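K.L.:
Dropping the structure in here first, questions after.
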């Protein structure tokens, strides 16, 4: 292990990275709160400012993926599709198998200039997560409890507000509703059998209500649906902790573009279209497991310096006073100050670890398999 790789695994450096992310996030959230006064007078200015504020936070996570761990993302798609990236409002359908699938999606958003304006249909529990949920709230992210009777009005209102969004947005949908595990897959395939649907090997049965509703509400705003199928070279199982430790992964993403005009408007036919799409995604994953690659031409968009420069800005702003303060505490020799600072570090490390835990497969809660959940489309 070379020196740089060794340093990336050291807790002190990782704690400093976390400190920059958390404190800069709190500063950004406070600024976002102040921008709320703009909403009644100039809604679009509010949105443009918050798009850039959220970019300043999310790009720090992208920096970890691209510059800290050196993870590469290769796209399997044609040049005509790539030329559309960042020039239209779209819905993204991404498989939900990995802890860092959202980061791979974000790195593509960043490289094509839509990271700050990216959207997601998020579970309501995330609204309570500091930094992540708070930033999404100011970005007008649509939160749902995954119970249609309770979500109907909230989802319709939230999506309707986005129709006049001033910046090109990529709206991410995890149509499977939850992250893939073997237990959830077994339950999902029982549901598929009971409904007479073909069984899937690498995906859960998609919940069609979120997709059909989003497409219906954003009709006339979004011009296409991008189907993204993600996998990793050499059967890698990437984790956010691995990224923080500087581990390098090789991500492959098969991207297909479907114009909205080609997708049925009728809700039942649209749901059948989504089921067929997931059968095709399953075939793509089968091909990948056999061949180690997706079919089609490859494109590797270059990483941009902006994520690194943004992080260096926040690190310079925040770490200098922290280090000076830490040196002052040590030099003072005061047991009370040293104890207080040590307690601060312990609390900070626990808080950062809990944020990481939000992404971990074994810790993500879900109602998948409950009787109520089984009745969802």
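Heads up, the Cβ atoms here are built off N, Cα and C, so glycines get one too.
Per TrEMBL, transmembrane segment is recorded for 12-39, 311-331, 337-356. According to TrEMBL, the feature domain 'Phospholipid/glycerol acyltransferase' maps to 90-212.
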K.L.:
Excluding the flanking five residues on each side, which residues at least 6 beyond the ends of the transmembrane segment (12-39) place their CB within less than 8 Å of a CB in that stretch?
P.N.:
45-46, 49-50, 53-54, 56-57, 60-61, 64, 68, 130-131, 134-135, 138, 244-245, 311, 314-315, 317-319, 322, 345, 348-349, 351-352, 355
K.L.:
In the same chain, which residue numbers or ranges, 6 or more beyond the ends of the transmembrane segment (311-331), come under 8 angstroms Cβ to Cβ?
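P.N.:
Distant Cβ neighbours of the transmembrane segment (311-331) are 16, 19-20, 23-24, 56, 59-60, 63, 67, 337-338, 341.
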K.L.:
Where does the mean pLDDT land for the domain 'Phospholipid/glycerol acyltransferase' (90-212)?
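P.N.:
The answer is 91, the mean pLDDT of the model over that range.
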